[in-house]
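Asker: First, the structure itself, so that you have it in front of you.
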Amino acid sequence: MKVYSIGLFKVVPGNKPVLLNIVYELSSFGFFQRGSVKEVSLFVSRETVGRTNVGERVSMEHTQTQKVCHTTVDSKGLGCSVLTDSEYPGRVAHTLIRICLEEFYKVHPESEWRGLQSDVELQTPALDQLLLKYQNPETADPMMNLQKNLDETITIVKKTVEQLGQRGEKLDDLAAKSDDLSFQSKAFMNNAERMNKCCGYV
C-alpha cells in the first residue's frame, strides 16, 4: 500500500484548479521515471479535484495509471487530493485528506490564497510528515489497526469452526453432548437448523 502524492488546490467551479502545494513520495519508481510520474500525478490530481463537487468525498480509479485519486473540496473552495495505489483503504485516505486540510489552514488562511490565479507553492511542512506517516495505514490510523485485529479474530474463529468439521465432528453432535446447553437451547438449535433447511429449498 502506497501514498504517492498529496495535493492542495484552490477550486472554483468552471475554472482550472490552482495548485497551492503538492508533495510526492516516489521512492518506488526509478530515478528516470520520477519526472513523468510527477507530471501524471499532478494531472490526475488536478483533473479529479476539478470534477469534485463541494462537500463530496470522491475515490476515482484511473485505469491507465492503476492509481486511485481520493479527493474532497470544502465549502471555501479548498480541495485536497491523495493519490494512492488501488490497495490503499479509501477511508484512511479520506482521513488523511481531512487532516491535510486542517494543517494547511493552520499556516495559510483563506485570505492568503483566495485571490490566486496561477499555481504557487505555499509551503506546508506537515504535509511531508503526513505523507511519510500514512505510508503504513495500520500504524497511522487507529481504526485501521482495530479493523485488522477484528479481521484476524474472525479468521481465527472461522478456522476453529473449520477444524471442528475436519475432525469429522458436526456441531449438532457436539451440541447434543454438551452440558452447557439446556434442553430448550438444544431444541431451539434443532428447530433453527430445520427452518434454515426448509428456507433453502424455497
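Each Cβ is built from the backbone N, Cα and C atoms, and glycine gets one as well.
Dumping what Swiss-Prot says about this protein:
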DOMAIN    7-129  domain 'Longin'
DOMAIN    142-202  domain 'v-SNARE coiled-coil homology'
LIPID     Cys198  S-palmitoyl cysteine
LIPID     Cys199  S-farnesyl cysteine
MOD_RES   Cys199  cysteine methyl ester
Asker: Using DSSP, what is the helix/strand/coil residue split across the domain 'Longin' (7-129)?
Answerer: 47 helix, 33 strand, 43 coil
Asker: Grab the pLDDT values for the domain 'Longin' (7-129) and give me their mean, rounded.
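Answerer: Mean pLDDT for the domain 'Longin' (7-129): 91.
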